[in-house]
Structure formats: structure tokens, C-alpha cells
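Here is what TrEMBL records for this protein:
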- 21-60: domain 'RING-type' (DOMAIN)
- 164-205: domain 'B box-type' (DOMAIN)
- 227-298: coiled coil (COILED)
- 362-478: region 'Disordered' (REGION)
- 384-395: compositional bias 'Basic and acidic residues' (COMPBIAS)
- 403-417: compositional bias 'Basic and acidic residues' (COMPBIAS)
- 429-440: compositional bias 'Basic and acidic residues' (COMPBIAS)
- 449-462: compositional bias 'Basic residues' (COMPBIAS)
């Protein structure tokens with residue numbers, strides 16, 4: 001037998017998230033139970049159904065949907081009973097804030113009952129004092145348990161109410177389930193018992209439970225006996241996944257460092273080649289100038305033939321001196337040969353099958369008993385040492401390219417056909433022994449083992465729908481592009497929220513904090529970069545904050561057709577009416593934190609802390625009037641404005657006077673409208689493209705540099721972004737989750 005001392009109490013079931021749907025995060029409605037014993041709302045399961053199957057969001061088990069639909073899944077009467085208990089405690093007909101009697105309208109014919117003071121646990125009705133006294137005296141209800149309403153709502157009678165609670169028949173409202181049809185294994189009420197189960201053997205519920213409980217308890221006891229083994233396997237599985245994630249993170253870092261090394265070496269070669277080219281041209285120009293000096297004799301001949309007497313005499317001395325110099329020089333024997341430069345590219349740069357980066361997979365058995373096996377531990381340490389040595393070699397010089405190094409392209413035999421790669425794609429060398437050192441020699445093999453035994457069974461692939469265009473010649477040769485390093489992820493839904501969050505605005509708020517505009521719940525939430533909830537900034541009643549920006553000692557946000565400036569404690573300092581022709585207005589703080597910019601009907605308005613209009617301009621000047629619609633707006637440390645223009649389907653960059661200094665509307669947008677924009681401390685622009693789950697990076701002039709974040713980084717319908725401290729990119733998703741990435745540049 002199973003001890004019931006460790007069973008969860010009713011109070012724990014009612015106070016925990018046991019009654020919340022793990023899909024919509026709301027209280028369960030029409031709870032349906034899957035064969036894996038996980039329960040969800042019927043409507044939520046209907047949304048998950050795909051191709052006649054449903055995949056459980058928690059255990060990932062795929063189960064077929066009955067032909068009648070998700071409504072045919074078993075109804076969780078246990079959860080229904082708990083929900084009825086919770087609703088009875090929290091809800092009821094209210095009059096002046098107090099529950100009303102349920103029997104008074106039936107007895108006296110009044111439209112509303114008197115104030116309730118008691119509750120019948122058997123009838124589940126609230127009663128006034130008079131009806132409660134009569135309820136105890138009638139023949140049919142004298143055995144009912146009538147309790148004090150205050151104590152009932154305080155939870156004093158939850159256990160007793162559960163014992164008297166009867167499950168209601170879903171087919172016949174008002175009828176309690178009383179029987180179990182043995183052949184059909186179906187719960188029946190008295191109406192269901194008549195037809196079509198009239199000839200079936202049926203048992204009362206209490207008798208059926210007594211007959212079936214021993215079998216279930218025996219199964220549960222068997223599970224308890226294997227609990228330690230199951231828990232050990234679960235722990236080993238978690239440790240294996242943890243090691244996998246750690247190794248994947250290490251490999252990801254190695255890939256980033258290898259790619260950085262290749263780019264660094266390529267940029268160094270570019271500078272060397274351009275330097276030689278400039279030197280060659282300068283030498284040729286100098287030689288040409290010396291040869292062209294002979295043509296100065298022609299000038300003297302023109303002076304003698306065409307000049308006047310006074311002119312000839314005035315230039316006589318200079319002409320005579322120059323002609324004597326030319327007489328001493330040997331005569332030229334034809335034009336000097338000109339060496340025209342030609343660029344020769346290494347064949348490996350044009351060969352799509354030349355892989356500088358490759359990904360291999362090695363099978364590793366999970367270590368049981370915490371890895372106490374000596375051989376297993378030694379092997380693990382040796383493997384880890386080899387991985388660290390390989391990573392160290394790559395960092396030291398394994399990725400340095402030499403001008404005359406030969407890249408051997410070897411296609412893996414396991415691949416049935418070579419995989420085409422996009423421009424700029426790079427692969428890892430198959431044999432580390434051929435990787436050049438800083439001195440140009442091959443890398444020594446570790447431990448006398450040959451790396452040729454490695455079999456490559458996988459390749460790095462882009463997860464996004466299509467890659468952005470390859471990196472152009474606008475790379476800054478002084479450093480590498482920023483790259484993301486995942487920091488943390490956290491949800492923004494708080495216990496007091498009535499709806500799922502819809503984040504429409506983000507901004508930095510103090511040191512290592514962000515301010516989140518949740519338009520759906522009409523609140524400004526504060527979070528640390530680690531995901532710690534710091535409370536809220538109060539907003540005026542009825543306001544749904546859309547875009548938000550933090551100033552020196554105030555918060556500016558747009559709501560509807562108004563711009564608000566409030567103090568951190570919620571006091572409204574001023575409000576300004578905006579144009580009604582725009583559904584939403586983007587807000588951004590200017591460098592220094594003493595002014596706020598807002599996009600209004602195609603132009604930008606800038607207000608100071610006192611609420612006065614400081615400036616107003618149209619990006620591109622008056623000629624662009626009516627041709628701009630800035631849906632997202634931000635500012636750069638250099639004082640430029642960056643906006644997503646949905647009218648021109650472009651990203652526009654302009655100075656404080658509205659002069660456009662850069663604009664991008666190329667193929668990197670994938671035909672989508674540009675989304676949220678953020679700028680780091682160097683001026684790099686991070687553009688969100690929601691439809692393809694990407695954040696791409698532009699240079700300060702608006703030229704596309706490539707992808708920064710993709711679906712590989714966990715992006716699923718990104719909504720808005722914000723740059724914090726110039727080095728943390730905060731990305732909010734449509735489901736209310738926030739991802740934080742550290743932006744790593746060449747000098748960080």
C-alpha cells in the first residue's frame with residue numbers, strides 16, 4: 001500500500017499553478033487530459049492539433065486526435081471539481097459587494113436574494129440566514145451540511161466540501177455522475193443509465209472505486225519501487241544534456257574565434273595588397289615624371305619660335321640652364337615598359353567545396369554513478385584536454401592565412417552530394433595537422449594521434465529562411481563586426497497580469513535595468529538585465545503605454561494620440577496631443593537625456609524637459625512631406641536619428657536637421673517591412689525583421705553587414721529591441737519573453 005502522508009494536500013493543489021493551463025497560462029477552461037496525463041484547455045489543444053495529432057508541450061509525446069476532435073479527449077473531472085471549489089470560494093452573485101442568497105428568488109419571487117451568510121456544501125448554494133434555518137429543517141435537506149459563509153470562503157471547509165462534491169454530467173446539466181458502466185468504462189448519471197447503457201452491468205461509483213483502487217495502488221507501489229532508478233536515469237539524462245549544452249557553447253565560441261581569425265587575416269592581406277598596389281602606382285608615377293621632363297625642351301622651342309623679343313630675353317637664363325642639363329642626360333630609347341597589376345585569387349576562395357569550418361559529432365556514452373568509473377573519467381579528461389588543446393591552437397594561429405598557403409579541399413565521403421554554401425560561408429579544416437602555424441609550418445599533432453580518423457557527419461547550416469547578402473567591402477578594417485553572446489532569458493508575465501503581455505516598448509532604465517511597456521496590461525514594468533522583477537512605474541489611469549524612453553529623471557511614453565512625461569513615481573509632469581492620423585508614435589531619448597523625440601505623421605518632433613517644442617523636421621526635407629512614416633525610432637551616440645520607414649520600406653538615418661545621411665532598402669529586408677531599431681556605442685544599427693525571425697546589422701551609414709541574430713539564437717517573432725549600456729541588446733518576443741545578448745566587439 002502507498003502511504004498517503006506524502007500526498008499533496010488540497011490547499012497545495014488550490015494555491016499552486018496546478019489549475020493553470022501550461023499553454024495559455026490562464027486558469028483551465030474545459031480541461032481535457034491527454035494519455036500522458038497532462039491536462040490543458042480544450043481550446044488550447046484544438047490550436048495545437050496538426051494533421052490529426054497533438055504533441056504534448058511538456059513531455060513532447062505525440063498522440064492521435066480522436067475522430068470526434070479534441071473534445072473527445074477525457075474530461076478531467078478531478079480538475080473540474082477543484083475549479084468548482086475555487087470559483088465557489090472566489091465568485092458568486094454580488095450585491096453591493098456581498099453574495100446574494102440563491103433560494104430567496106425561488107421562494108419569494110423577488111428578482112434578487114438577501115445577503116448570504118451561510119453555504120450548503122451539498123447543494124453548493126449560498127443562503128441567507130432565514131433560508132439556512134429552513135434548509136436544516138426540511139425532510140429532503142435536513143442532512144445537508146450548512147456552514148458559515150465567511151469560514152467557507154476562508155477555506156476552512158475545503159476538505160469537507162470536496163467530500164460532498166459531486167461531479168456533474170457533461171451531457172445532462174444538473175445531474176451528478178453516479179454509476180460506472182463496466183463494459184464501456186464510462187461514467188453515467190441517472191439519465192445516461194437509462195439509455196443506451198440500460199442492459200450493461202453498472203456499479204455505483206463508491207463500489208467501483210473500492211474494486212479498482214487496489215490495482216492502481218499496486219501499480220503505484222511498483223513505480224515507487226523503481227523511483228530511485230528512474231530518478232538516477234533522469235539525473236544522468238539532465239547531466240548529459242548539460243554537458244551537451246556546455247560543449248555546444250564551447251564549439252560555438254571556437255567557431256566564432258576561428259571565423260574572426262580568418263576575417264582578421266583576410267583584412268590584413270587586404271591591407272598588404274592595397275599597400276603594394278599604392279606603392280607600385282607611386283613608383284610608376286615618379287618614373288613617368290622623370291621621363292616627362294624631356295618634354296620641357298618643347299617649351300623652349302615654342303618660346304623661341306613664338307615669343308616676342310622681350311619675352312625671349314626674360315626667359316633666356318632659365319631656358320639656357322635647363323637645356324644644358326638636358327644635354328647632359330642620355331637620350332631616351334623608346335617608352336619604358338608599364339607593369340599593369342592583376343589580382344589573382346586563391347582557388348579555395350572560389351571553390352564552394354572548400355570548407356574552412358566543419359562540424360563533427362562523436363558518440364559519448366553517458367556516465368552513470370556520477371562518473372566514478374576510473375576509465376571513463378580518464379577518457380573524459382583526455383578528451384577534454386584534446387578539445388582544449390585544439391581550441392588553444394586555433395586561437396594561437398590556426399586560422400592565420402598565408403598568401404601562398406595551399407588550401408586542400410576535401411569533400412567528406414559520407415556526403416552524397418556537395419552542399420552549396422552562401423557567399424562568406426566558412427568551414428573547419430578536416431585535418432588539423434595541415435593547419436598553418438604563425439610561422440607558416442604545420443600544426444603538430446597532439447598525443448601522436450592522427451586527426452584523419454575523424455568522420456564528419458554534419459555541417460553548420462543557417463536556420464533562417466534565407467541568408468542576408470554577403471558582407472560587402474564596407475567592413476571596417478580596424479576591427480571585426482559585433483557578434484552576440486547569450487546572457488539570459490526571462491518571462492515578463494507577472495502574477496498580477498490579467499492578460500498575456502504584449503511588449504510594445506523597451507528602454508534602458510538606470511544601471512543594468514530596463515523598462516518594459518506592456519500595452520496589453522497597461523503597465524510599465526522594471527526588470528534587471530538578469531530578469532529580476534523590480535516593480536512598476538505608475539502610469540495615469542486608462543493609459544496603455546506604447547513606446548517608452550527614459551530621460552534624466554523622468555520617463556516619456558506615448559499612449560494613443562498623446563505624449564506623456566512622468567516622474568519615476570508616476571506623477572504626470574506634462575502631456576502633449578499628437579496627430580490622430582498615426583496609430584502609434586515611436587519615442588526615443590536624445591543623447592544627454594534632456595530631450596525626447598517622437599515620430600508624428602512622417603516628421604520628428606523634439607521636446608525639452610519643460611514640454612516645449614525644441615525642433616521639428618521631416619527626414620529628407622520638405623520634399624519628403626507625406627512620403628515618410630517612421631514606425632520605430634531611436635538615436636545614436638553620434639546624435640543621429642535612425643527610423644524604420646514603412647512608407648518607403650527602408651531604414652533612414654538623418655542628422656538633427658533632418659538631412660538624410662544614409663538609407664537602406666536593399667534585399668537584406670527580405671521583402672519585409674523594417675522593424676525595431678537599436679544602435680550600439682560605435683554606431684552599428686541593429687534592425688529587427690520580425691517575419692523572418694532575424695536581427696541584422698547595418699553600419700553607421702546604413703549599409704548591410706549581415707545577420708546578427710537568427711532563429712538559431714531562439715528568436716521567434718521578435719517584436720522590439722533596446723540597447724542597454726551600449727553593449728547589451730535586449731530583444732522581446734511576441735509571447736512576452738525577453739532575451740538578453742551581450743554585444744561583443746573586437747575591443748571587448
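Here the Cβ of each residue, glycine as well, is placed from N, Cα and C on the backbone.
Keep in mind that TrEMBL annotations are predicted by a computer and have not been checked by a curator.
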Overall pLDDT of the coiled coil (227-298), taken as the mean: 81
Distant-in-sequence neighbours of the domain 'B box-type' (164-205), which means Cβ under 8 A and at least six residues beyond its ends: 75, 77, 80-81, 84-85, 121-122, 124, 145, 211
Helix, strand and coil residues within the domain 'RING-type' (21-60) as assigned by DSSP: 7 helix, 11 strand, 22 coil
Tally of residues which DSSP labels helix, strand or coil - the domain 'B box-type' (164-205): 7 helix, 11 strand, 24 coil
